[in-house]
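Asks: Please read through the structure below; I'll follow up with questions.
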């Protein structure tokens, strides 16, 4: 009985830690850059769905574009201050629109997460959690699969992507080979390490660059294209994967090394900042109890066998106890330079991404029915 209580208590701590109010602060010495106040911060509702996870601007600087929980990709019209439909990730749209719990239908309707434009063609590439790696032309519409069917079906949880503008190579992540997005808490609790970093090149070949990753998430190419930064959410760290073996500058395992670790929360997406370095969205802060739970995966696996809907538990808790933030890391050493977080009543449920464009921070969250816009 005592062992069962320990399992339940620790598992609840792990679930709640995704929104833990006692989260630890940054350890890299960054000062808080922004204390968000309502007059400074604009919330932009995403009509009909929620979860603007990631942002991207097109070749002309228009947008941003973002994917939503009902499978749509929408475009922001700045002059009209409204979103318009741009694309969908599947033509099977029956039952996808309108107010309902989209998590129950996202495996049918699609859930677009990472987005990136191929600037040479104008095509928008999409990492859809269920439909795999997709693309749609400059005028939008229904996206089509990029990979052969058998390869696309092998992707269990396509999450993020980036494109080399010089070569057209697409780098993308598959968060788990076991768990799908609608049960991502299971991947976190179980200690799953089946995530992969992959690439799709001009010869239409798919290559696995890294495997055995713990909930691999965001990916970003460096400014000069010599390395990738890859987020391991469950490990609260970021890896640097060198694309050119001659570029390795330190003692690393194979051709990757730890770029940043001990982050103050669970990292999600990562994007380059035009001011240098990388913005990392931290879904939520964590605590010492979180670290204990994450380092004892057997507890989480045991809890998954209990008759509890852990996704529902997490969803309800997160709704009322948000604690998201974002950090900007230095390009060379991964040191925290700036911190973005709300204060008091303006705390975020979660932050999945910060995209910086023309002096504005676009803030995304997989859980909210709005995007945030902050003028620096």
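For all residues, glycine too, the Cβ spot is worked out from N, Cα and C.
Below are the features I grabbed from Swiss-Prot:
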type: CARBOHYD; residues: 79; note: N-linked glycosylation site
type: CARBOHYD; residues: 244; note: N-linked glycosylation site
type: SIGNAL; residues: 1-23; note: signal peptide
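For the listed features, I'd like the structural context: burial, neighbours, distances.
Replies: For residue 79 (N-linked glycosylation site), no same-chain residue 6+ apart in sequence has a C-beta under 8 angstroms from its C-beta.
Under the DSSP three-state reduction, residue 244 (N-linked glycosylation site) is assigned to coil, being neither helix nor strand. Around residue 244 (N-linked glycosylation site), the same-chain residues at least 6 positions away in sequence with a Cβ under 8 Å from its Cβ are 226.
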